[in-house]
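Written out below as structure tokens is the structure these notes cover.
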Amino acid sequence: MKILLTNDDGINARGIYELYHSLKDIHEVTVVAPISQKSGAGHSITLNEPLRINKFYKDGVFFGYAINGTPADCIKIGLSEVLKGNRPDLIISGINKGSNLGTDVIYSGTVSGAVEGTMSGISSLAVSTCATEKPLYSSACQFLRSFIPIVREKKLPDYVTLNINVPNLPYDLIKGIKITYQSYRQFEDRFIERRDPFNRKYYWLTGDIKNVNQNDSTDALAIEGGYISITPLFLNLTHVKYISELEKWSIKK
């Protein structure tokens with residue numbers, strides 16, 4: 001298969017490097033990724049400054065194309081300019097360092113890179129390993145090697161992106177696969193105040209994640225239980241059931 005890889009951790013991140021090397025011997029893989037860290041970029045795109053495509057070498061060997069933009073930018077320019085006429089069969093965004101569960105998907109550059117691929121009519125996966133300390137990317141790589149042929153055979157429907165989260169466990173210790181619903185997670189914001197050398201205030205965002213309204217079918221609980229979580233995300237965000245209720249409001253001009 002022809003596979004396009006991107007991420008939000010940057011082209012020099014370990015996750016995309018390990019994924020590339022796990023797939024390159026059996027697939028035609030192209031890397032188009034941000035030149036710098038873009039975690040939390042969401043689905044933002046660059047409109048007010050030029051984008052540049054630079055060849056990127058790792059340990060003296062050509063690895064891919066670095067873009068001074070977001071993951072969504074990378075998919076757009078990757079399809080339009082880097083791969084001109086050589087359309088990929090699959091797009092994978094990741095492997096992210098850290099989970100993308102529940103409402104994380106709203107902020108996630110990793111998920112948005114995959115969603116951008118879906119918007120372009122290409123089957124797309126967002127893949128994350130659920131650890132920020134000592135992540136085991138090898139488990140996600142091993143799963144993807146066996147899962148990609150299934151995606152090729154079954155094909156994803158229009159407007160659906162698969163959000164895959166892998167527990168930070170050796171592959172043999174992962175209990176299995178669960179098809180899950182997106183959970184509801186609240187991020188309780190805390191801002192750390194500091195001062196620069198000119199005594200001006202600045203802030204770092206931090207906080208705690210709180211899982212709410214969980215059940216056995218959610219992504220967060222699947223990960224807690226040691227399972228790989230696969231959540232189908234749909235591009236249309238309309239709350240269909242609420243349409244009829246909203247119509248009852250008799251809103252006037």
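Just so it is clear, glycine is given a Cβ too, placed from its N, Cα and C backbone atoms.
The following features are taken from TrEMBL:
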- Asp8, Asp9, Ser39, Asn96: divalent metal cation binding site (BINDING)
- 3-188: domain 'Survival protein SurE-like phosphatase/nucleotidase' (DOMAIN)
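Sorted by the number of other CB atoms within 10 A, the binding-site residues Asp8, Asp9 start with Asp9, the lowest. Cβ packing within 10 Å was compared across the binding-site residues Ser39, Asn96, and the lowest neighbour count falls to Ser39. One way to see the shell of the divalent metal cation site is to take the Cβ centroid of Asp8, Asp9, Ser39, Asn96; the remaining same-chain residues with a Cβ within 8 Å of it are Asn7, Gly10, Ala13, Gly15, Gln37, Lys38, Pro71, Gly94, Lys97, Gly98, Ser108, Gly109, Thr110. On the 0 to 100 pLDDT scale, the model's mean across the domain 'Survival protein SurE-like phosphatase/nucleotidase' (3-188) is 97.
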